[in-house]
Amino acid sequence: MKITRQKHAKKNMGFYKHNFQFREPFQVLVDGTFCHAALRNKIQIREQLPGYLGGATQLCTTRCILKELESLGKALYGAKLIAQSFQVRSCSHHKDPVSGSACLLSMVEEGNPHHFFVATQDQDLANKVKKKAGIPLLFIIQNTMVLDKPSPKSLAFVQTLQTSQLVPEHQKQSIVQLKEKEGLAKQEGEKRRKRKRAGGPNPLSCLKKKKKTQESQKLTEKKKRRRKRIRVKAEAVLSMQKNEKE
């Protein structure tokens, strides 16, 4: 069962690496519900997660999540201690803290530019995350951490990318610059110009045709000369026979 989970995780990680450029160290945003579930199921997030994802990880949280855990009191004191050991990422709610779920959603807006994973047990938050493309979702089930399969939104985005060859503008500019740097743009332009040239008759083929014509003319002249000689000989023989009779 453990091998099967690791195979699924490796496959899902390959999807995000290939299509959304996720790279190590993987940044994982963790909320209070995930910390609480890990504590209850005796899961060592910091030790187990890198092996499961197959690479170095950075566990992160936000000030809003820490504030929320602090407000919930003793019931989530252990979860708060776990979250406090993670790196704190800056959010846009310095003066007016919001709920942990709202804060995490704001961190992955605009196409998830920082390539965050989201680790949560909040089903409502998970459903909202699945409506966005390119956001890996982690949760705990049956005493183990699980990387959810790519959402329909992510699959649809990749399919559109492949069928329409949708490339971001900054990537197009990078490709053009690389081609110019390597001199590929000039080569492509030369190839295109060569294709536009109209192909004329091959001069060599013309020479061969002339050669054949000349040879045929020579053969014809030889045949005429031979016939002429035969005719002259025949006339000479006939004249001699005539003279002998006389």
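Cβ atoms here come from the backbone N, Cα and C positions, even for glycine.
TrEMBL lists 169-246 with the feature region 'Disordered'.
Taken from TrEMBL, the feature compositional bias 'Basic and acidic residues' covers 178-191.
Over the domain 'UTP23 sensor motif region' (192-211) the predicted model carries a mean pLDDT of 59. Positions annotated as domain 'UTP23 sensor motif region' by TrEMBL: 192-211.
Residues in the compositional bias 'Basic residues' (221-231) partition by DSSP class (helix H, G, I; strand E, B; coil) as 11 helix, 0 strand, 0 coil. Positions annotated as compositional bias 'Basic residues' by TrEMBL: 221-231.
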